[in-house]
């Protein structure tokens with residue numbers, strides 16, 4: 001890619017979400033979302049492959065639809081109340097349209113269909129950006145308008161996303177699609193608790209970004225896209241494979257790893273709010289996600305499944321060590337003991 005174009009795209013990618021987060025006016029927030037969307041499209045399409053072009057078009061159409069709904073929602077609110085402040089959302093119709101639009105932007109079920117397809121059609125690095133950095137702006141808008149949101153609607157969206165994210169990931173063999181459904185399931189947890197405790201949503205988002213980024217960087221380093229190729233990845237970096245298993249277990253939310261912390265706190269908060277049925281359902285639905293994380297771990301570290309296809313043996317060779325990966329892996333698996341400190345800091 002041309003260095004000048006690369007600089008413009010990178011700058012826009014950084015500035016777009018930051019503009020949305022720092023704004024208090026709907027037009028400015030909408031502009032930030034548009035800048036962010038337009039910056040990502042060239043990154044998705046730069047492979048010049050039909051699959052990548054298809055992914056770019058799907059991404060553009062869904063994000064354009066969501067942006068239109070956000071603008072429509074803010075205009076209705078401004079027409080009713082006479083002001084454009086993000087935090088002053090009092091119109092019920094406007095709030096419902098906004099929730100729908102941000103759910104499309106984030107890839108929440110039942111508006112999730114674009115996310116796995118777009119991630120599958122792009123590179124691992126772009127998939128990492130789409131599942132972490134690009135979630136920042138829509139989620140910040142949801143947090144700024146949390147006090148105006150309809151709690152039953154948010155709980156429904158959260159539960160649906162957790163069900164779809166866990167259930168749809170069960171029969172996947174492509175790692176990027178698995179990570180897409182993992183993202184949908186994690187967003188379900190965040191949205192469930194959003195109106196009850198925005199602080200917990202923020203904590204869950206931080207841990208999600210850390211664990212997902214670590215997982216994507218490991219996949220990129222091992223140069224694998226499918227579960228079947230993961231079977232021979234132990235010959236490249238055995239230590240990294242072990243760390244990948246721990247990161248996957250952390251994503252699943254198993255104690256005593258980092259991923260257990262947000263799920264434990266969310267279930268505790270739901271119990272305090274006397275939502276025992278929802279808390280029980282969320283805990284049971286996390287077992288669906290646990291299954292496909294366990295499947296990747298099983299294929300990667302324990303044994304080779306019966307297979308008729310011959311795979312090219314990937315011999316151990318020198319790989320440039322990524323020193324930041326050691327720090328990210330440590331954060332992904334060992335933050336549980338400092339939970340009280342993190343809660344105080346947020």
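Every residue gets a Cβ built from N, Cα and C, even glycine.
As recorded in TrEMBL:
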type     : residues : note
DOMAIN   : 23-288   : domain 'NADH:quinone oxidoreductase/Mrp antiporter transmembrane'
DOMAIN   : 290-342  : domain 'NADH dehydrogenase subunit 2 C-terminal'
TRANSMEM : 57-79    : transmembrane segment
TRANSMEM : 91-115   : transmembrane segment
TRANSMEM : 152-171  : transmembrane segment
TRANSMEM : 178-197  : transmembrane segment
TRANSMEM : 203-222  : transmembrane segment
TRANSMEM : 234-254  : transmembrane segment
TRANSMEM : 274-294  : transmembrane segment
TRANSMEM : 324-343  : transmembrane segment
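Most Cβ pairs under 8 A with the transmembrane segment (152-171) among the ranges 91-115, 178-197, 274-294, 324-343 are made by 178-197. Averaged across the domain 'NADH dehydrogenase subunit 2 C-terminal' (290-342), the predicted model reaches a pLDDT of 76.
With a cut-off of 8 Å between Cβ atoms, the residues of this chain six or more beyond the transmembrane segment (234-254) that come close are 182, 186, 211-212, 214-215, 218, 221-222, 260, 262-263, 286, 289-290, 293-294, 296-297, 300-301, 313-317, 319, 325, 329, 332-333.
Sequence-distant neighbours of the transmembrane segment (178-197) (same chain, 6+ residues past either end, Cβ-Cβ under 8 Å): 103, 106-109, 112, 115-116, 119-120, 127, 131, 135, 139, 142-143, 146-147, 149, 151, 154-155, 157-166, 168-169, 172, 204-205, 208, 212, 215-216, 219, 227, 251, 262-263, 266, 269-270, 273, 278, 282, 285-286, 288-289, 292-293, 296. Residues 199, 203, 207, 210-211, 213-214, 217-218, 221, 240, 243, 246-247, 250, 255-261, 265 of the same chain lie 6 or more positions beyond the ends of the transmembrane segment (324-343) yet place their CB under 8 Å from a CB of it. Listed by sequence, the residues of this chain that lie at least six past the ends of the transmembrane segment (274-294) yet keep a Cβ under 8 A from its Cβ atoms are 155, 159, 162-163, 165-167, 169-170, 172, 178, 181-182, 185, 189, 192, 248-249, 251-254, 263, 266-267.
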